[in-house]
Amino acid sequence: MSRHKHAGDPEARQPLLTGHRLDARELDSDEGEVIFDRTAEAGEHVPQKLTYEEAVERAGFGLFHWLLLVVCGWANASDAVEILCVSFLLPTARCDLELSSSDMGLLTASIFLGMMVGGYMWGYLADQKGRRRVLIMSLTVNGLFGGLASLAPWFWLFLLMRFISGIGVGGSLPVIFSYFSEFMPRLRRGAMISCLATFWMAGNILAAGLAWLVIPRTWVKFFLGTLEFKSWRVFVVLCSVPSISSALIFKLFMPESPKFLMEANREKEAIQVFRLMFKLNMKGKEKALPEFGLRTSSTQKGDKDKSRSLGSSKERLANILKKALAPIKKIFQSPFRSRSIPLLIIFYSISFGYYGLWMWFPELFERTEDGGSPCANVSRPSVAANETCNTVKTAVYTDGFITAAANLPGNIFTILVMDSTGGKALLSGSLLLSSLSVFFIYVVQTKAQSLILSCIFSGVSVIAWNALDVVGTELYPTKLRSSALGFFTGVGRVAAIMGNLVFGRLVDANCAVPILLVSALLLTGGLVGLLLPQTRQTELT
């Protein structure tokens, strides 16, 4: 039988992935031709066992990765919409739900409390059960309870629904980056993760745009029993649609991460994923992917057998808890300790600063409507006595949309320079510039100046988030990646909760304190970022 098929032969066009190996010396990457090892015995060939990185390279780069970017990007955008929609509700829902500034701080903190609870739990499950399954479940929880919040007639129930929605967001945010990165070739990983991170901006713009289009339309209302379903409740429902649709897309169309499958000793399934990647990437090129095998992990089976051998339910529960906490212990031991401690400080600093300030931008914009500094206009009349729900200042949502759109230059800059500069330099530099811009927000005296500096903060801080997404993904091996990112994002949620509570307590009494505190924390994060190792174009382990 001939070792080479003619290009016109239909069989030559089919991916020939059957679990065998391919020698790396035998592939002509330009032509896609394969010449098997001539040192093998006559009449047979012995395909090489490929590592994960080698298999990803063989699968090529093309249509599959761009489709993956759109799907994962939509999931990332849906998380952004769900998180940020609360901030756009504050100027209007505060009347229907009779909220004080402290109540609003608690409301914006509720989703982050849920994210803190869900972050590590979902991250651990993603490392044990698979990325795809966890993404489907977490996105469903996010969208379902986010939508149900629109039906809540009381503040406490609305708060509970937002908390449960946050548990879902806490899973999808860190896992989506682990999932996405594990399909990427090493040399394109940094730029592609930066592209994925830009969809946060898309979600931000979508949330701001929906708020601008829907909430000021006070005539959009109807009754569900005794509940008056006003325009802001319609906005809440619309914000849940991206998460639900994203969960359906993952359920119906997306494969499991090949890196996870290899670590779980599921070689045949991993090969099927590489076959799908190659088929889509080489569509129309009439190339075939030769036979090869994969070097999979040999530890999973032993671990499962060991866990099954435990007798009593108490022993099994203790073992589960021990296994769940083991990744945290590992990331703070050598050789990861020197990177985990700085990363912990950075996640806390940027989350307190970004979410603490960003979630309050619509409220601060409303305070500058009549001119002056956002910290100068701190007098807030009683909601019940002096406000009506029928007057909505459209300019508040216009300013929010402009600030969200200001993410675009930072995202473009990140995509262009990430692979050449590396995440470490971008992370530290952007945090330092963010600190400076926040300091001047406190200093300004006019609405225009406040809006300009808010846009600068928006454009610069997004660079820090994009760089952190890349660096965080590349600092840990596959078995710890989702758990580590889940843990650090959980720490970030604690910081976000504290930031929102601090703003809620002090925004009326002494606005300078939270704003200057944000500036100081961002400065600290930027300096600590210099301690991280350089991860530019590193291989995933």
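Positions of Cβ are set from backbone N, Cα and C atoms, glycine also.
Straight from TrEMBL, the features:
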- 66-92: transmembrane segment (TRANSMEM)
- 68-537: domain 'Major facilitator superfamily (MFS) profile' (DOMAIN)
- 104-122: transmembrane segment (TRANSMEM)
- 134-157: transmembrane segment (TRANSMEM)
- 163-180: transmembrane segment (TRANSMEM)
- 192-215: transmembrane segment (TRANSMEM)
- 235-253: transmembrane segment (TRANSMEM)
- 341-361: transmembrane segment (TRANSMEM)
- 425-444: transmembrane segment (TRANSMEM)
- 451-468: transmembrane segment (TRANSMEM)
- 480-503: transmembrane segment (TRANSMEM)
- 515-532: transmembrane segment (TRANSMEM)
Remote residues contacting the transmembrane segment (451-468) - C-beta distance under 8 A, at least 6 residues beyond either end:
193-194, 197-198, 200-201, 346-347, 350, 353-354, 357, 361, 365, 368, 399, 402-404, 406-411, 413-414, 418, 423-424, 426-427, 429-431, 433-434, 437-438, 440-441, 444, 525
State the residues, same chain only, that lie 6 or more residues beyond the ends of the transmembrane segment (235-253) and have a CB under 8 A from a CB inside it; answer 'none' if no residue qualifies.
71, 74-75, 77-79, 81-82, 85, 88-89, 132, 135-136, 139-140, 142-144, 146-147, 149-150, 168, 172, 203, 206-207, 210-211, 214-215
Mark yes when the transmembrane segment (515-532) and the transmembrane segment (341-361) have three or more Cβ pairs under 8 Å (sequence separation 6 or more) and no when they do not.
yes
Sequence-remote partners of the transmembrane segment (192-215) [C-beta within less than 8 Å, at least six residues beyond its ends]:
65, 69, 72-74, 76-81, 84-85, 88-89, 92, 176-177, 180-181, 184, 231-232, 234-235, 238-239, 242, 392, 394, 397-398, 400-401, 403-405, 407-408, 411, 414-415, 418, 462, 465-466, 469-470, 473
For the domain 'Major facilitator superfamily (MFS) profile' (68-537), report the average pLDDT of the model, please.
81
